[in-house]
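One structure is given here, and the rest of the page talks about it.
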């Protein structure tokens, strides 16, 4: 049990009595950090959550964004970190299953998955094992349920050796008049439990996720990891959507963390009603299960529909058709209590508000002094450093990962993995751009600028594809919130994220907090993994690859002396200190709006490529454009707009925010330049078969040999 003495006293003060074993187990689950957000809730409330395109912000299983007159997107992001550290294949698979159920719970059909993954160094055998089996778990689950995995990111850093991060984003499509919510508004409606049967797996999964891992966790906590079943999930998905299409459903919610306890209590509390649950009606996978085990089980692939009794027969016929189990397990009642019965005997009787709305905590915060010193290094020759940087697993091609994913099932994918963002078709005119991003070194060095930078980079990625950013989702991965310095990092990160989201009118509509990501004193780098959804006219889509010899290369934005905290410093110099790149929000906003305006007015397609500058700086961004297009370029480094005189390596590896590379048809350069009123310079031309950076030349083959096959060699 993880209930503290003060929480026990609070609970018993409200009840006016002692809890029995079942009640204590139910409340232990609901008071866990994972379910209650008791440490983070006061801080999360500072996020901007409303906007003109937002139908629903945080509070339900997913957020909702309007994309056309007819359609909305359901968008969510979840973590499955602790389970994946213990059982990587199953932990990753059940993470996919959970976010898919969240999207289905809004009435939407899942159309895309994205993943944001972090592991220790690939020189470490345990990290390789976790990486291999997490990717396998995501691949097997996503491919078998028929939902494409279209984008994502992977980082390798020693801070994640014992605490890998498995964050998954899902997007679903729903007609606006078919949206449902996680509510139980009508007394007399019944709870129809459908999907998989209830077993002993996952009991106390949420309390396990609300504690630090230890060296014994791999054996002691394995029973808390749920068992994935993608084949049942596919049937549950189709049956759920058919029920929603055929029946007037009052509400629906998936059974994830906290199992039936969490699902039922949140359904009725949202509608200020009560619930009665009859345990004897719940389909069980194992014999001899106790009420405690039944109510706390986190067995996968289960959903609860709130429906009128007259619709039960129709709903169960649909379940039978899809060969999944279903049963009426209770009803919505007057009052505000959740009552658990078994053969007429009341086993638990708890106020729903006590279960679904535990008190938040006002934990201590302690500021960490930021390192603002200038980090001086001896730069190796650019010929050496760029090829070495391209062969770093953090920069190198992630084809080993995404080739295992089916990214074209459902035939909506317009731009595939490997670009700034994935693009999916919604209808003949409308597409959406999707991306996930994080920069854990920046966030470690400066939580505010790191948090702001994560949102800004994700927004630049969708803008580079021609899409207007509509909304943000997140997974906020941190250490122990009981440590004042950790909670200060968390607060400052959210303040930075909020600054950018608010200025771009891209509210935070859904997300997840994962605390306690540390093992015996080893803490992860603070990791705000950010997903952004952008919407665009299909005609505005651009990609990063160089297209035509003779095109002029323009760099929009100013380059600052901001190489500290960069991939260059981490990879080439093994340094992770100094000042992180700062967010200059006015410039970030102006430059982003400039790109969108240029693309919107470019009916002749004179702008042929767009790419943002981020990890690895200008040198890596240009290398990617060369390799993608299989055509070289010549860059005049002296033409780049800078804040001051910079050494060559500081210039090409700076990770200053707010910068975009665009290529323009030579005949249209003057026309395009006349439309730009932010810092811009012609820095080169697309030509030949080499990348020429000042006096440094690289053949396309050299770049490809460094960039491709890196992860494959580690995993061979």
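Keep in mind that glycine also has a Cβ here, set from the backbone N, Cα and C atoms.
As written in Swiss-Prot, here are the features:
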ACT_SITE  34  active site
ACT_SITE  80  active site, proton acceptor
BINDING   37, 474, 511  ATP binding site
BINDING   78, 512  Mg(2+) 1 binding site
BINDING   79, 80, 81, 82, 101, 226, 298, 299, 300, 514  substrate binding site
BINDING   102, 254  Mg(2+) 2 binding site
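Features recorded in Swiss-Prot, as mapped to the structure shown.
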{"residue": "34", "record": "active site", "DSSP (3 states)": "helix"}
{"residue": "78", "record": "Mg(2+) 1 binding site", "DSSP (3 states)": "strand"}
{"residue": "254", "record": "Mg(2+) 2 binding site", "DSSP (3 states)": "strand"}
{"residue": "298", "record": "substrate binding site", "DSSP (3 states)": "coil"}
{"residue": "474", "record": "ATP binding site", "DSSP (3 states)": "strand"}
{"residue": "511", "record": "ATP binding site", "DSSP (3 states)": "strand"}
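Here ATP is bound by 37, 474, 511 per the record. The longest Cα to Cα distance in that group is 15 Å. The least crowded of the binding-site residues 79, 300, 512, judged by other CB atoms within 10 A of its own CB, is 512. Apart from the site residues 37, 474, 511, the chain places the Cβ of 40, 44, 58, 77, 475, 476, 508, 510, 512, 513 no farther than 8 Å from the centroid of the site's Cβ atoms, the recorded ATP location. Note on proximity: among 37, 254, 474, 512, the binding-site residues of the record, the Cα nearest residue 79 (substrate binding site) is that of 512. Taking Cβ-Cβ distances under 8 Å and a sequence gap of 6 or more within the same chain, the neighbours of residue 101 (substrate binding site) are 61, 233, 236, 254, 255, 256, 301, 303. Between the C-alpha atoms of residue 81 (substrate binding site) and residue 37 (ATP binding site), the distance comes to 16 Å. Here residue 512 (Mg(2+) 1 binding site) is compared against the recorded positions 34, 37, 298, 300, 474, and the shortest C-alpha distance is to 474. Across the structure, residue 37 (ATP binding site) and residue 298 (substrate binding site) place their CA atoms 19 angstrom apart. In the structure as shown, the Cβ atom of residue 298 (substrate binding site) sits within 10 Å of 31 other Cβ atoms.
Residues within less than 8 Å, Cβ to Cβ, of residue 511 (ATP binding site) and separated from it by at least 6 positions along the same chain comprise 44, 58, 77, 473, 474, 475, 476. Local packing around the Cβ, expressed as the count of other Cβ atoms within 10 angstroms, is greatest for 474 among the binding-site residues 78, 102, 254, 474. If you draw a 10 Å sphere around the CB of residue 81 (substrate binding site), it holds 26 other CB atoms from the protein chains shown. Sparsest Cβ environment among the active-site residues 34, 80 (other Cβ atoms counted within 10 Å): 34. Taking the Cβ of residue 37 (ATP binding site) as centre and 10 Å as the limit, one finds 18 other Cβ atoms among all the protein chains shown. Among the recorded positions listed (34, 78, 300), 78 has its Cα nearest to the Cα of residue 102 (Mg(2+) 2 binding site). Annotated pair residue 298 (substrate binding site) and the residue listed as 'active site, proton acceptor', C-alpha to C-alpha distance, rounded: 13 Å.
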